[in-house]
Amino acid sequence: MRCQDPRQCGQKLIRRQPLKPRKEPVIFLSRHLNIFHLVVLGVGSTLGVGVYIVVGEVALFVAGPAIIVSFLVAALCSVLSGLCYAEFGTRIKWTSSAYRYSYISLGELWAFIAGWNLILSYVFATASVSKAWSYTFDGLIGNHISQALQRAFSQYMPDYLARYPDFIALAVVLLLTGALVLGARESLLITRVFTGINVLVLIFIILSGFFKGDLHNWKLTEQDYTSITPGSGGISSLGPLGFGGFVPFGLDGILRGAAICFYALVGFDAIVTKGEEALDPHRSIPWSILITIFICFLAYSGVSAALTLMVPYYLIHPESPLPQAFLYIGWDVARYVVAITTLCALTSRLQSIFFPIPQVIRDMASDGLLFRGLASVFAHTRTPIMAIMSSGNIAGLLALLFKFSDLVDLMSIGNLLVYSLVSFSVLVLRYQPEQTLSKKEEIDISKPEASPSEPVPEARTSRILKTLWFPTSTIPTLKSGQIVYGCTSLLVLLLTILSVILAQPSQVFSGDPGLTTVAVLLLLLITGVMVIIWRQPKDPAPEYFKVPALPVLPLVSIFVNVYLMMLMTPRTWTQFGIWNAIGFLIYFGYGIRHSLAGNNHQQPPASTSQT
């Protein structure tokens, strides 16, 4: 199915799946999960590597004690994205994947981008958690493994990879992959038990920090840096130290830290996956997401405060921050308790991250966007064996060779992009008409209307402008939906340009007339286009949760997410670009020709019969 002309190619890129579910066996699940159950699930899926490892990395290298503010910014961003996820979870109850959401509302190309970056997020998250598990286990036994591997391999490892191959992390991923191939299932009971233990230990860490902490560690000066004893390696071995005080790396450090800390607050989408089992989902899902994010913010900010009070931020151990902090204050027994709890929490988090990857790969392969063989199911265990093995091998290779910081950054930027697409989808889908047209009718209506009574271009332009400000219908139409789609796409472009400019605060706020003028003009354009969207008729259906303050809230969510993406390092963007370049090669070389979207969305019999 090759493209005969550019218009045909364009139609293939934006072809969408219907809002109604495809014809599959319907399984009615009992609604028994209340807000408490959903919050437990959300907290168990969110608290993990962020609170035990990322806290140390960000405090040491990026934000200092101001990591608390970084988590606050990240939490506010997560709230915006979480509300958009909640609308989809209550409106489209038969699916919970950002990939499927994008396919329904935006079109095939955007769906592929969302799905491909979902795979990136999950795979890199699996690699980072397994690497954190390796760090914690190695620290528990005295760092003997890492020291031996570093002596043996460091001279052979290039600068853009880790200092040594992490065979423990590789073994953890391969064990998990093998368990999934054999038919292992995620255990909600294990998640609840580990979540309870996790929360109790975090409370202990927070209280310990406030009892044993020293407020002077939030008021450090340059003299404190120079007082480091020579035996510690001197100041040169610590990297950039900032300028002291509570915010040693300035506003840039806080915002850059927020972009990384966003990684730690990912996991609330697990709540949306249980929409069919939730009691009163249009109320329980959004409230559960908000409560989950609030609890996780309290945990992360409390642990960050305790850590930076117990240990000067420049002496935090990047790979095992909390156990080493208790060693620093002389509580050696607590160090082992925290390390063992960290292993339990990371194990629980690892299973919750890795289980969704094969399903996303299988969905995309079943739709023809990825190689069809990835959708095959092993008959004995009824597991998507090729999807599991491919994702496990990639995650294992990444855990073996990549730096932990690179894995975290790539996971963060992937999630920021996916959450931006979800917010985009909410905005577009709310203004779309009911998808009841047949394929032929849809094609006929989408053609430009011939209007012989309007030979004068000025009259046609006047009518178009009048339609933008004064829609003729009170309910969404095909034309109003197209207007919103086009305006939202333009807004994303404008917001991206504005984010690029604002990501250079030293130039914008120093009075540079050129950049300031461009920023003001962009704001005026954004406001005008946003008003055009606001004037269009919305979907009146009241039966599901709706994001408030449309179109402002989804657009703010997109802007914040894109802005945080712009704060990522050029190294991260290069790696992110390589990943997506590989994805585009697969899509334009295979997916666009084998997609089932042009065949009435029918699934291949082999894949549906084994789900």
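The chain as shown is numbered from 1 upward.
Each residue, glycine too, has its Cβ placed from N, Cα and C.
Look at TrEMBL and you will find 61-88, 109-129, 164-182, 189-211, 253-273, 285-316, 336-357, 369-390, 410-431, 483-503, 515-535, 547-566 (among others) tagged as transmembrane segment. Under the heading domain 'Cationic amino acid transporter C-terminal', TrEMBL lists 545-595.
A Cβ distance under 8 Å defines the sequence-distant neighbours of the transmembrane segment (253-273), meaning residues of its chain 6+ beyond its ends; these are 38, 41-42, 45-51, 54-55, 57-58, 62-64, 66-67, 69-71, 73-75, 77-78, 82, 85-86, 88-89, 96, 98, 121, 125, 242, 247, 285, 288-289, 292-293, 296-297, 300, 352, 356, 408-409, 411-413, 415-416, 564-565, 567-568. Computed over the domain 'Cationic amino acid transporter C-terminal' (545-595), the whole-number mean pLDDT of the model equals 90. Where the transmembrane segment (410-431) meets the stretches 109-129, 164-182, 483-503, the count of C-beta pairs under 8 angstroms peaks at 109-129. Counting Cβ pairs closer than 8 Å and at least 6 residues apart in sequence, the transmembrane segment (164-182) and the transmembrane segment (483-503) reach fewer than three and form no contact.
Long-range neighbours of the transmembrane segment (336-357) within the same chain, counting only residues 6 or more positions beyond its ends whose Cβ lies under 8 Å from a Cβ of the stretch, are 44-45, 47-49, 51-52, 119, 122-123, 125-126, 129-130, 132-133, 136-137, 139-140, 172, 176-177, 180, 186-187, 190-191, 194-195, 197-198, 201, 205, 267, 270, 273, 320, 322-323, 326, 387-388, 391-392, 395. Through the fold, the transmembrane segment (109-129) approaches residues 13-14, 17, 48-49, 97-103, 169, 173, 176, 263, 266, 346, 349-350, 353-354, 356-357, 360-361, 363-364, 369, 391, 394-396, 398-399, 402, 404, 407-408, 410-411, 414-415, 417-418, 421-422, 424, 576, 579-580, 583, 587, 591 of its own chain, all at least 6 residues removed from its boundaries and within a Cβ separation under 8 Å. Each residue of the domain 'Cationic amino acid transporter C-terminal' (545-595) gets a DSSP state, and the totals for helix, strand and coil are 40 helix, 0 strand, 11 coil.
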